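Have a look at the structure below before the remarks.
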Amino acid sequence: MLCIVFGLSLLDRTNISSAYIAGLAEDLGLAIGARYNIALLIFFVPYCLFELPSNMIIRRLGARYWLGFLITAWGVCVLGMGFVRSWQVLTVLRALLGMFEAGLFPGAVYIIGSWYRQYETSKRVSIFYMASLLASGFGPIFAYALSLIRVGDGMYRRGWRWIFIIEGITTIAAGLLAPVFLIEFPERVRFLTDRQKHIARTRVSMEKKGAQVEHPTVMQSLRMLLDWKIGMYCIQYFVAASSVYSLAFFFPIVLRQGMGFSYALSQILSSPPYVFTIIASLGTAWLSDRIKLRWPILIFHSFTAIVGLLIILYTKPPGVRYLGMFLATFGTQANVPGSLAYGQNQTARVQKRGIVAAAMISIGAAGGITGSTIFQSKDAPLYLPGMWATISMQVLYSIVTFCLSMYFKRQNRLADEGKKPALEGVEGFRYAP
């Protein structure tokens, strides 16, 4: 169920690019100036601000009812987009969409981190993220089918409206069903006995003292945020998110304008790279857990993204450039769950994992703002500044990941030699570089 609702959230935040080439741009004048970029980036301002508060609420209220409320609320926003008559109202609805979607992703990562141990998380976070990418990958084809709907001879003859209306209704239905099907935190589930709940909590906690779940106060949460390593994880996730968002928002447009494919073919060709990404990413996540190393896999993903972007930029045949889209999509998307698992693995205390996930994904929202602005209409069809900005950030990602992992290896060695008895303040804990 987490996979389904996150898939819907990705669909609902990126379907604007499908609607754009289905007539939204002409009807609302989105191609004028920076209107499209404004409508994209406004989503990420509340998305950034409301993630940490949401992760502080979710464990107190319970995941099922809190996430159920958020899903239904953003579904109403998407439904409303099908009835807008001006780009200003669309922009307001995008802002509300960002506010309600903010709690889902960090909440889901927090839930997964509460159930699985250090070398179990990468596979699970990848399965969660990649299964949802399936929805994102087939979203353009689904959007194309919806855009063919015609009702009457007025505003509802415009296919782009039906993309928002049908997808909004689908999300509302999922939100109403969420309290029945969503999983809870270990201490709240009804299908475990008290003894089983105790086992579930203690197996993931590296702390020797009991397994009581403490809810950190606002001041404790702020103190946790002062850890410099969280800043490094945030840089990793900022790069991963900005690259993913920029490619998701602009690939249909690059296919249409940059490679000269028809509207229908642009929508259909957006999907195969995501299918390849899902298979390849699950393979590398499994390998990462198997060899118990994170950094070589993460840097491999980053290098693959760079190669793919260079192929798109500097080759001529559309088929070869399309191959570049496969590599770029895999390299950027695979590092989203990879980076989240990396941050969770270096955090000993369960309470701090929720803060780490929320901090990373909040900064990822700033990456969304970057991703929605570095590709600008005036740079079509090559989008040279956007492409090179993405390549540069991928180089930064590799450098930060390598340096941080070497630091963690050194700390582990010092702990093994008895010179650092308690990493992260927890006896027996070791980093997972």
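Counting starts with 1 at the first residue shown.
Cβ coordinates are placed from backbone N, Cα and C, and glycine is handled just like the others.
Per TrEMBL, the features are:
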{"type": "DOMAIN", "residues": "1-413", "note": "domain 'Major facilitator superfamily (MFS) profile'"}
{"type": "TRANSMEM", "residues": "29-50", "note": "transmembrane segment"}
{"type": "TRANSMEM", "residues": "62-84", "note": "transmembrane segment"}
{"type": "TRANSMEM", "residues": "96-116", "note": "transmembrane segment"}
{"type": "TRANSMEM", "residues": "128-149", "note": "transmembrane segment"}
{"type": "TRANSMEM", "residues": "161-183", "note": "transmembrane segment"}
{"type": "TRANSMEM", "residues": "230-251", "note": "transmembrane segment"}
{"type": "TRANSMEM", "residues": "271-288", "note": "transmembrane segment"}
{"type": "TRANSMEM", "residues": "295-314", "note": "transmembrane segment"}
{"type": "TRANSMEM", "residues": "320-342", "note": "transmembrane segment"}
{"type": "TRANSMEM", "residues": "354-375", "note": "transmembrane segment"}
{"type": "TRANSMEM", "residues": "387-408", "note": "transmembrane segment"}
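Within the same chain, the transmembrane segment (295-314) stays apart from the transmembrane segment (62-84): fewer than three Cβ pairs sit under 8 Å, each pair at least 6 residues apart. At the 8 Å Cβ threshold, with sequence separation of at least 6, the transmembrane segment (161-183) comes into contact with the transmembrane segment (62-84) through 3 or more pairs.
Here the transmembrane segment (354-375) has Cβ contacts under 8 Å with residues 37, 40-41, 43-45, 47-49, 51-52, 54-56, 58-59, 98, 102, 105-106, 109-110, 113, 216, 221, 224-225, 230, 233-250, 339-340, 343-344, 347, 383, 385-386, 389-390 of the same chain, all six or more residues outside its ends.
The transmembrane segment (230-251) shares the most Cβ pairs under 8 Å with 387-408, out of the stretches 29-50, 62-84, 387-408. Through the fold, the transmembrane segment (62-84) approaches residues 5, 8-9, 12, 15, 28, 54, 90, 93-94, 96-97, 100-101, 103-104, 107, 111, 161-165, 167-176, 178-180, 182-185, 188 of its own chain, all at least 6 residues removed from its boundaries and within a Cβ separation under 8 Å. Here the domain 'Major facilitator superfamily (MFS) profile' (1-413) returns a mean pLDDT of 88 for the predicted model. Sequence-distant neighbours of the transmembrane segment (387-408) (same chain, 6+ residues past either end, Cβ-Cβ under 8 Å): 229, 232, 235-236, 239-240, 242-243, 246-247, 294-295, 298-299, 302-303, 305-306, 309-310, 312-313, 331-332, 335, 342, 346, 370, 374, 431-433. Non-local neighbours of the transmembrane segment (29-50) in the same chain are 13, 16, 20, 87, 90-91, 94-99, 101-103, 249, 362-363, 365-366, 368-369, 372-373, 376-377; each lies 6+ residues outside the stretch with a CB under 8 Å from one of its CB atoms.
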